[in-house]
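Shown next, in structure tokens, is the structure this report addresses.
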Amino acid sequence: MSGGVSLWIERWMLSTNAKDIGNLYLIFALFSGLLGTAFSVLIRMELSGPSVQYIADNQLYNSIITAHALLMIFFMVMPALIGGFGNFLLPLLVGGPDMAFPRLNNISFWLLPPSLILLVFSACIEGGAGTGWTIYPPLSGVQSHSGPSVDLAIFALHLSGVSSLLGAMNFITTIMNMRTPSIRLHKLALFGWAVIITAVLLLLSLPVLAGAITMLLTDRNFNTSFFETAGGGDPILFQHLFWFFGHPEVYILIIPAFGIISTTISAYSNKSVFGYIGMVYAMMSIGILGFIVWSHHMYTVGLDVDTRAYFTAATLIIAVPTGIKIFSWLATCYGGSIRLTPSMLFALGFVFMFTIGGLSGVVLANASLDIAFHDTYYVVAHFHYVLSMGAVFAMFSGWYFWIPKMLGLNYNMTLSKVQFWILFIGVNVTFFPQHFLGLQGMPRRISDYPDAFAGWNLISSFGSIISVVAAWLFLYIVYLQLVEGEYAGRFPWLNPQFYTDTLQALLNRSYPSLEWALSSPPKPHAFVSLPLQSNILRSLF
């Protein structure tokens, strides 16, 4: 027994294998996502009617919002899209045996559970951190939050930030130094490009967040005055520092999703991606522009009119590379032999709802309009269409695309399609009415509202219950896959009549990337020797 336990500990807790670490990230993200979903349901239940429903304390309500946001951003989307899919797939995409720094990879993951524990403690101690995920002073200052909850949230962010920085360095080194000579950068799979760009954004933006929250920590505990007006500080400085990180952060969340969607749409349209180079440069442009538009979150703080004009124009320019990506996905589908598998359904759902989220983003980019919409439910609807329906749908698309390769087991196709439709209906019923609430002026982060808003709020809360049903159905699908799933061959997503489980299929078909040349699941060291240029690799590109 002790031998079995020690082997288990060595396999999972001391692992240096990128595939096992990727699986750990996905399991961790699944757990955090369920926890964050539970918090979101509490929010929607409180808002299902006017006046007090379940949560009498407004501080508790705001603490739930903070916990929900931080859980979903730092402990669900980032670990899943970057840590999970990135770790598992990147060595396979570049033809390498593992990540460049395997032990660094291990510590990158194991910093996250302590960080999650700190965040949960933060929510449970002295009423929690009722600051929202933005942690603006003076609300997060020592006068408004005198207990340790904000300090614990800051420590949680520090730990998850260090984890992300170490992971980003590992990804960049792996892609630059461990590619097989046959795969030059302009032939790298789009998901590989997405990971590179995301890693660079992390390296450039996270230190700024670390600086801002460290200054806040010293303001709270060591009597400094970075953000204390009484001591000559400026709380607006915190907003500038936070959003210089915060806006690239939203692209850190969505760019890996772009890579996944490009891969799945290409595979299930039976065509190579339309405009590969354009797609790469569009992602690069989005990443660069993301650093010079941060003050569009701050139109209401009293910016100079010329400053507001600049940030409006710069923000609207981001719509250009985003539009290139949307139309390239549509062009990839056009004329293709489309198969509506669960993965493809989620990809098409992503394109549809990301477009809606992008259109409301164009509205909010205008300083004159954002003065009215700032801190209303219009903003909540906008970023949930991009995240709750963008990043999350991309995660499901990637899951259903690669999980037969990862586990070597097939899943129930029918139930997976049912899950897509339940989730699609649920999230739209939840978030589309919030556009109307925002247009009517309902403010965010307040647990009570006038009776006039009751109708749309009730519909929105009903939609959240539908979404929870989809989440439980997903867990059941995973359970069935693990318990009853049939063996998945090397190419689990091909039509059975069109493939044989041999490398001959690679010679006859254009493949998106190298992982399909391997067994399902891949061996711990997938490519012991680097794959050489051959007919197979020529057929890939």
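Each Cβ is built from the backbone N, Cα and C atoms, and glycine gets one as well.
The annotation transmembrane segment is assigned in Swiss-Prot to 23-43 (among others). Long-range Cβ contacts of the transmembrane segment (23-43) within its own chain (Cβ-Cβ under 8 Å, at least 6 residues beyond either end) map to 12, 15, 54-55, 61, 64-65, 67-68, 71-72, 75-77, 79-80, 83-85, 87-88, 109, 112-113, 116, 120, 395, 406, 464-465, 467-468, 471.
The Ca(2+) binding site annotation in Swiss-Prot covers Glu46, and the record cites similarity to another entry as its basis. There are 20 other Cβ atoms within 10 Å of the Cβ belonging to Glu46 (Ca(2+) binding site).
In the three-state DSSP assignment, the secondary structure recorded for His68 (Fe(II)-heme a binding site) is helix. Around His68 (Fe(II)-heme a binding site), taking its Cβ as the centre, 21 other Cβ atoms fall within 10 Å, counting all chains. The Fe(II)-heme a binding site annotation in Swiss-Prot covers His68, His384.
Per Swiss-Prot, the feature transmembrane segment maps to 70-90 (among others). Sequence-remote contacts of a segment are chain residues at least 6 beyond its ends whose Cβ falls under 8 Å from one of its Cβ atoms, and for the transmembrane segment (70-90) they are 18-19, 21-23, 25-26, 28-30, 32-33, 35-36, 39-40, 99, 105, 108-109, 112, 115-116, 119, 133, 153, 156-157, 160, 164, 167, 171, 174-175, 191-192, 195, 198, 249, 252-253, 256-257, 260, 387, 391-392, 394-395, 398, 402, 406, 513, 515.
Sequence-distant contacts of the transmembrane segment (107-127), counting only residues of its own chain at least 6 positions beyond either end whose CB sits under 8 Å from a CB of the stretch, comprise 13, 21, 24-25, 28, 32, 35, 57, 59-60, 63-64, 66-67, 70-71, 74-75, 79, 83, 147-150, 152-153, 155-157, 159-160, 162-164, 166-167, 170. Residues or ranges marked as transmembrane segment by Swiss-Prot: 107-127 (among others).
Annotation source Swiss-Prot lists transmembrane segment at 152-172 (among others), citing sequence analysis. Counting residues 6+ beyond its ends, the transmembrane segment (152-172) has Cβ neighbours under 8 Å at 66, 70, 74-75, 78, 82-83, 86, 90, 99-101, 104-105, 107-109, 111-112, 114-116, 118-119, 121-122, 125, 129, 131, 135, 195-196, 198-200, 202-203, 206-207, 209-210, 213-214, 216-217 in the same chain.
Annotation comment: Swiss-Prot describes 188-208 (among others) as transmembrane segment.
Per Swiss-Prot, transmembrane segment is recorded for 241-261 (among others).
Summarising the annotation, Swiss-Prot assigns transmembrane segment to 273-293 (among others) and lists sequence analysis as the type of evidence. Counting only same-chain residues 6+ beyond the ends of the transmembrane segment (273-293), those with a CB under 8 A from a CB of the stretch are 186, 190, 193-194, 197, 200-201, 204-205, 244, 247-248, 250-251, 255, 258-259, 262, 265-266, 311, 314-315, 317-318, 320-322, 324-325, 328-329, 331-332.
Among the features that Swiss-Prot reports, transmembrane segment is placed at 311-331 (among others), with the record citing sequence analysis. Residues 258, 261-262, 265, 273-275, 278-279, 281-283, 285-286, 289-290, 292-293, 295-296, 299, 303, 347, 351, 354-355, 358, 361-362, 365-367 of the same chain lie 6+ residues outside the transmembrane segment (311-331) yet bring a C-beta within less than 8 angstroms of a C-beta in it.
Positions annotated as transmembrane segment by Swiss-Prot: 344-364 (among others).
Per Swiss-Prot, the feature Mg(2+) binding site maps to His374, Asp375. Long-range C-beta contacts of His374 (Mg(2+) binding site), restricted to its own chain and to partners at least six residues apart, with a cutoff below 8 Å, comprise Tyr299, Thr300.
Positions annotated as transmembrane segment by Swiss-Prot, on the basis of sequence analysis: 383-403 (among others).
Summarising the annotation, Swiss-Prot assigns transmembrane segment to 418-438 (among others) and lists sequence analysis as the type of evidence.
Counting same-chain residues at least six beyond the ends of the transmembrane segment (458-478), those with a Cβ under 8 angstroms from any Cβ of the stretch are 33-34, 37, 40-41, 44-45, 47-49, 396, 411-412, 415-416, 418-419, 422-423, 425-431, 433-434, 437. Per Swiss-Prot, the feature transmembrane segment maps to 458-478 (among others); the stated evidence is sequence analysis.
Touching of the transmembrane segment (418-438) and the transmembrane segment (241-261) is ruled out by the presence of fewer than three CB pairs under 8 A, sequence neighbours closer than 6 excluded.
Packing around Asp375 (Mg(2+) binding site) is summarised by its Cβ count: 15 other Cβ atoms lie within 10 angstroms of its Cβ, all protein chains included.
In three-state terms derived from DSSP, Glu46 (Ca(2+) binding site) belongs to a helical segment.
All protein chains considered, the CB of His384 (Fe(II)-heme a binding site) has 22 other CB atoms within 10 Å. Long-range neighbours of the transmembrane segment (241-261) within the same chain, counting only residues 6 or more positions beyond its ends whose Cβ lies under 8 Å from a Cβ of the stretch, are 73, 77-78, 81-82, 85-86, 134-136, 189-195, 197-198, 201-202, 204-206, 208-209, 211-212, 215, 279, 283, 286-287, 290-291, 293-298, 325, 329, 347, 350-351, 354, 383, 386-387, 390-391, 394-395, 397-398, 401. Nearest to Asp375 (Mg(2+) binding site) in space, judged by Cα atoms and limited to the binding-site residues Glu46, His68, His384, is His384. On the backbone, the CA of His68 (Fe(II)-heme a binding site) and the CA of Glu46 (Ca(2+) binding site) stand 14 Å apart.
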